[in-house]
Ligand code: C5P
C-alpha cells in the first residue's frame, strides 16, 4: 500500500482543455481533483461581494487565508468577470502563498490527486509523479470558449473572446510571481488538432507508465 499520494500536475492557459482532462483523469483513476483556478476565483468573488478592492494585497491575502476549499462552487465561480478579476488577484505573492499552502495540503490526499492550474508543476507540486502542460492555439481556444457561451445562449463575440484570452495569457505568462510556463520535466500536449478523448488517451499512456515504474 502506497503511503504517499500519486500526484498528477496539469498546467496550461485558459480554455486549453486542461480542466476537462483533469476531471476525466481523476474519475478514471479514482483520484481527488482540485481545479486551483477556482481558489483564485473564490478570492476574487469574495472581495467583489464584500465591496472590497481587488488590488489591496493585505486584504486579499486575509480572504485567501480564510478560504475553505470544500465550499468551491464551479457554477457560481465560472462567470467571465470573475475569471478576469481572479487573474488580477493572482499576481499578488501573499495571495499565492496562502492558496498554494492549501493546495499542497490537498495534493497529499491518498491514494492520489489531480491538480490543474498555471503553476502546479513548477511551484505547487514540483515533485508530482506526472506533469502535463496542455496547450492549444489562441484561436482554437477562443473558438471553444465562444461555442460554450453560445451553447448557454450567452451573448458572445468571437473577436472579443479572442482578445480577452490573449489579455489573460499575457497577464498570466508575464507576472513576476509564478508565471505560467511548462515545468522543465512536463509532457507537452497540444490540443489544437486533438479532441478531448485523444488528449485523455495520450495522458493515460504517460500516467500508466509512471504508475508501473
Ligand atoms: O483556470 P481559471 O481560468 O479558472 O483561472 C483563473 C485565473 O486564476 C487565471 O487566469 C490565473 O490568473 C489564476 N490562476 C493562477 N494559478 C493557478 C490557477 C489559476 O494564477 N494555479
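FYI, residue positions are counted from 1 along the chain as it appears here.
Cβ atoms here come from the backbone N, Cα and C positions, even for glycine.
Please treat TrEMBL annotations as automatic predictions, because they have not gone through curation.
For 8-198, the entry in TrEMBL reads domain 'Cytidylate kinase'.
Annotation source TrEMBL lists ATP binding site at 12, 13, 14, 15, 16, 17, 18, 19, 20. Sequence-distant neighbours of residue 12 (ATP binding site) (same chain, six or more apart, CB under 8 Å from its CB) are 18, 116, 118, 132, 133, 134, 135, 180, listed in sequence order.
Within the same chain, the residues at least 6 positions away from residue 14 (ATP binding site) whose Cβ sits under 8 Å from its Cβ are 83, 141, 145, 165, 168, 169, 172, listed in sequence order. Among the binding-site residues 12, 14, 16, 18, 20, the ones whose Cβ sits under 6 Å from an atom of ligand 1 are, in sequence order, 14. Take the mean position of the Cβ atoms of 12, 13, 14, 15, 16, 17, 18, 19, 20, the recorded ATP site; other residues of that chain with a Cβ within 8 Å of it are 21, 116, 134, 136, 141, 191.
With the fewest other Cβ atoms inside 10 Å of its Cβ, the least crowded of the binding-site residues 16, 20 in this structure is 20.
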